[in-house]
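**Q** Straight out of Swiss-Prot:
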BINDING   8, 9, 10, 11, 12, 13, 14, 15  GTP 1 binding site
BINDING   33, 34, 35, 36, 37  GTP 2 binding site
BINDING   54, 55, 56, 57  GTP 3 binding site
BINDING   118, 119, 120, 121, 147, 148, 149  GTP binding site
DOMAIN    1-167  domain 'FeoB-type G'
TRANSMEM  276-296  transmembrane segment
TRANSMEM  341-361  transmembrane segment
TRANSMEM  385-405  transmembrane segment
TRANSMEM  422-442  transmembrane segment
TRANSMEM  447-467  transmembrane segment
TRANSMEM  512-532  transmembrane segment
TRANSMEM  539-559  transmembrane segment
TRANSMEM  657-677  transmembrane segment
TRANSMEM  685-705  transmembrane segment
TRANSMEM  715-735  transmembrane segment
């Protein structure tokens, strides 16, 4: 077996190449001692197994403990600590000179190296030609031109790994005699301590460049002081010598014929990064994403809903009736397992549409620019602009968004991002929005969803601002991010990335929703006295009584006593937001007698025909939904006979539904998110996030509902609005007091 490390600069296409090399044969774990995700994969060439470890993207292997991210530390340590046979160095052909700096450091390890020269098609389009044979000769290692996103050159790269055994010699750098003597003395000291010649050579260069994580700097201090007395800093001399050598190589192998594509990127950036237009363009992109997800994805939602309802709910119920199964078994299987499957599959088109659009923004190169657009606004409030990159990930799931905060340099910025990320609307919340949009906002639903996403972003920024003023005071780190050239992503790549994200989401959602639906079905079938109810709605069930006990707490935000299923949905939503839809779907179906199956009513072929018929019907109305949403289809009027109809009667109209959605958006993160907050920060920040999110969610929902209903009961509304305002002020005061308390404790500890 051959074990290879995959390393390169950020945005060089390393992850795309990793996916192309390993396909689906990947494993995800954690690096020892830290929470950074470790990705490994493997593939077979004949009978030879090759294992690939994907290292985090880095610009340099110099790891200075001051201001280094966990990702950079992992990459720097891995090339030393891991057992491997060769290194695959991914280089962006459009930025050859910049990326060869990391290559020059890798050569000093003395290990076999294969250079994967990626994005050759983009380089050619930008008028850049590279003589790969001459580059291979000058570097002394294999150089394989590839286009990872099209799988071009990947088989040749795989074959090269079979013959990758020749150790690479370091580049010959032009250094002064004094500097070279210091490096030689440093190398000899390391050899005398038992290091192999290759590692001694590598360590001497890293130590001279200021690497504080090697662990051997103490005994070399005298040599470094000697150098400082004679001439410039050695780290500067080494960097200058590297760039000089790299420039010589690039001059010999690279020619620029035309920069038309570069001009296109520059011209487009003048618009996208315009001082006044950049922010409106960013919001327009976000708006288009929700428009695309709700309208395009929603056009296929009825197909998945009707077909799975016919097969898994009505079909399983009918079959069990034919087998004379007890009512409680029918309820458990049809309205439990069947409804869980139906719920999970129904929101696939909306989630898939959003993942597709997110992949489009990311692969095109726009998402990196979005971080720069919001950087100025966030830094004005003392918040790190780099936080926005993990927060964008939160549109898919809050868990990887929080984990992505580890790429930030300072501990303060990491903690701020961890606390801000849960307010980003994840894809599970989008599934909830889609259900309520269908029931309460059939016209212009994308505007409702856009407003919720915007409120989530604003609340995240507000949370960061409050923490910056209280418990996490300090200055934001500057944003340093490479802007990739604009790409025209291939449909195959977009579909592949969408499929990978969707499969993970459906698996995660399904394994939670289906068991929860079964449990809810059981609790709704068991009476308070311990008996078993029939398949009809039971107001004496355990679930009903628990929900009715808690429901008065939510009365100020418009949830009335008879709408206890909505309360239960919030409770189960703390387990996972995906479960909310399943809870509502299951309970409203049972409360409203929806889904009761009899042999006379079940029509399998009719249901499947209706499912397929919904696609052209919804697509025919797509134009009016996109361009004239106010007069969009009236097809949703038939929802009065379904779960949506039951929901619309239980909630206090659109105002009550929107107040409920505000609470869903802002309240306590799911258990997975809470666990990762504790993992990435600590228990104190986890509980702070729980309390803060609940208070903010409750106050926002109550203030909105009472404000909307102010004319109906002005005195009551005024009392609630004032009470919520005071509760927020109290929590803010606690934050501020806790900071002072911490300050006194630290001062006492230091004396």
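Cβ atoms here come from the backbone N, Cα and C positions, even for glycine.
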**Q** Taking the transmembrane segment (685-705) as the first stretch and the transmembrane segment (447-467) as the second, find out whether 3 or more Cβ pairs fall under 8 Å, excluding pairs closer than 6 in sequence.
**A** yes
**Q** Taking the residues the record says bind GTP (118, 119, 120, 121, 147, 148, 149), how far apart in Å are the two Cα atoms that sit farthest from each other?
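**A** Taking every pair among 118, 119, 120, 121, 147, 148, 149, the longest Cα gap is 11 Å.
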**Q** Under a three-state reading of DSSP, tell me whether residue 8 (GTP 1 binding site) is helix, strand or coil.
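**A** DSSP assigns residue 8 (GTP 1 binding site) to strand.
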**Q** Work through the binding-site residues one by one (54, 121) and point out the residue whose CB has the fewest other CB atoms within 10 angstroms.
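**A** Counting other Cβ atoms within 10 Å of each of the binding-site residues 54, 121 gives the minimum at 121.
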**Q** Measure from the Cβ of residue 13 (GTP 1 binding site) and count the other Cβ atoms within 10 Å, all protein chains considered.
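**A** Residue 13 (GTP 1 binding site) is surrounded by 24 other Cβ atoms within 10 Å.
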**Q** For the binding-site residues 9, 11, work out the Cβ neighbour count at 10 Å and name the residue with the minimum.
**A** 11
**Q** Check the domain 'FeoB-type G' (1-167) for me and report the mean pLDDT.
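**A** That stretch averages a pLDDT of 84.
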**Q** I'm trying to understand the geometry here, so how far is the Cα atom of residue 55 (GTP 3 binding site) from the Cα atom of residue 15 (GTP 1 binding site), in Å to the nearest whole number?
**A** 9
**Q** Cα of residue 13 (GTP 1 binding site) to Cα of residue 147 (GTP binding site): how many Å, rounded?
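**A** Per the Cα atoms, residue 13 (GTP 1 binding site) and residue 147 (GTP binding site) stand 9 Å apart.
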**Q** Where does residue 119 (GTP binding site) sit in DSSP terms: helix, strand, or coil?
**A** coil
**Q** Which residues, in sequence order, are found in the same chain with Cβ within 8 Å of the centroid defined by the Cβ atoms of 8, 9, 10, 11, 12, 13, 14, 15 at the GTP 1 site, excluding those residues themselves?
**A** 57, 90, 92, 118
**Q** Measuring Cα to Cα, how many Å separate residue 54 (GTP 3 binding site) from residue 147 (GTP binding site)?
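**A** Checking the Cα atoms of residue 54 (GTP 3 binding site) and residue 147 (GTP binding site) gives a distance of 18 Å.
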**Q** For residue 120 (GTP binding site) and residue 15 (GTP 1 binding site), determine the Cα separation and express it in whole Å.
**A** 16
